[in-house]
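Enquirer: The structure is given below, and queries will be raised subsequently.
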Amino acid sequence: MSTSRVNDEPHKLSATAAALCPLSNCQFSGVVISQIADEQRLEFTNKYKGSCTLLCSYDSQGVVLRIVLDNDQGHVLKEYMIAADTDAAQMGKRSYAVSLESDNLVLRFASEQDQQLFRKVVENVKHLRPKSVFSQRTEESSASQYFQFYGYLSQQQNMMQDYVRTSTYQRAILGNAIDFQDKIILDVGAGSGILSFFAVQAGAAKVYAIEASNMAQYAQQLVESNNVQHKISVIPGKIEEIELPEKVDVIISEPMGYMLYNERMLETYLHARKWLKPQGKMYPTHGDLHIAPFSDESLYSEQYNKANFWYQSAFHGVDLTTLHKEGMKEYFRQPIVDTFDIRICMAKSVRHVCDFLNDKEDDLHKIDIPLQFHILQTGICHGLAFWFDVEFSGSSQNVWLSTSPTAPLTHWYQVRCLLPMPIFIKQGQTLTGRVLLEANRRQSYDVTIDLHIEGTLISSSNTLDLKNPYFRYTGAPVQAPPGTSTQSPSEQYWTQMDTQGTRNTTGMLNGGLSVNGIGDGGMDITHGLIHPH
């Protein structure tokens, strides 16, 4: 591994966090590191010139061990991962043998106490061998990618700068200060800790901020720089694996993903209820997933034409057509993340409720939603549109956060799932079927759609991969669906201009006549044309 620059010492976590999480950051100085040169003769050679400092920090997969020289802590010489299957053994009172990657090392510590503490770090990792609920349901590669993603400040910034999201959370918490005043709060998936700060603003006595990514160290820095370390304890780890010293009065979290359920963070949110006191509160309290059939020929054609790339029989002299079917399947397995005008929806949305106070984790493993839509307009149904609302049910007021296409846009946007075979449906007909969300170990869902026009043999279905969406949003203003104008848009515009007092300006351009003179039988402008001699 190439060397990298160390900008700061590992940030010290609060005493409470250190006591609660045995894998908290720690370091050992004056360590002499030897490498086993000959296992049979037990011959050792010094791996580095001079003594080293070992920097240990918690990671979602175990403990990251970084080695730097005592007299030059500016560069990381080597980085290892101490995992549950790491082989290690004590050698005497001050030495410890450990097998890391392809290196068999002997670490000689400056004191017996250091050796004992390091041994405890390794043993604590080994105690993680029995998989937690999170580990059982999640592939290691997916978890690693997930926590790495949320460990970047840029990703936290993206969420924090979602004004609707952040301001709604703050208003929900501060507007229900009675639920937080002098209370014990648990912040699940705290990230930067912004919700923990809101809880303190509302008068919380103590906040336990749980964060499994490396963002925990940045959250700790914010806590200390804002002088609230006596209020907020940042605990690195997963809620499924850490221990708290007490029950809490309120759990706060932002666990929603695309289509509400993506990332499977809601299960973690429900799991956290094991620390909630009887009659405790959840912020948010419940979520509503809305589903509606939509018509959008432009979107359908866009995806269809992408797949037609594979229909070429002479691409640089190569026949690609054998892959056309698979290409079509792949493009239509992608949910579309963007926004739209709600007038493309052909019926009132069906609402599926997730009760965060009472639903069980297992309830989210297979979510079967029956559908029945009374069609309001004739047209071609290209698929189903999804969005969600969540409610914060407080003692003083209820606050809603909406991702509806009628609400201000958020970083969740909306999601649409296309049908490879659209269906023509008439106003007054009933469209029935189901949406089945089946959880997978990639922290997402396989989404199966089955639709049927009642009283006919017409049906269509599709299965999509929510883990692999197509991010289509461009920032351009949302356009009204074609054919929604019931009056002349040109006349409407000029009428509005007249109403706004622009008669004089337009009159100058039209011989002193009102532009909307056409409304009184029309205006012949041909007399004003200049004819060449």
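Note that Cβ sites are derived from N, Cα and C of the backbone, with glycine treated the same way.
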Enquirer: Since Swiss-Prot lists Gln156, Arg165, Glu211, Glu240, Thr268 for S-adenosyl-L-methionine, which candidate among Gly189, Gly280, Gly287 does it give for that site as well?
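Expert: Of Gly189, Gly280, Gly287, Gly189 joins Gln156, Arg165, Glu211, Glu240, Thr268 in the S-adenosyl-L-methionine site that Swiss-Prot records.
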Enquirer: Averaged over the domain 'SAM-dependent MTase PRMT-type' (143-452), what pLDDT does the predicted model reach?
Expert: 97
Enquirer: For each of the binding-site residues (Gln156, Thr268), count the other CB atoms lying within 10 A of its CB, then report the residue with the highest count.
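Expert: Within the set of binding-site residues, the most crowded position is Thr268.
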Enquirer: Which one of the binding-site residues (Glu211, Glu240) has its C-beta surrounded by the most other C-beta atoms within 10 angstroms?
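Expert: Ranked by Cβ atoms within 10 Å, first place goes to Glu211.
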Enquirer: Going by DSSP, is Thr268 (S-adenosyl-L-methionine binding site) sitting in a helix, a strand, or coil?
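Expert: DSSP call for Thr268 (S-adenosyl-L-methionine binding site): helix.
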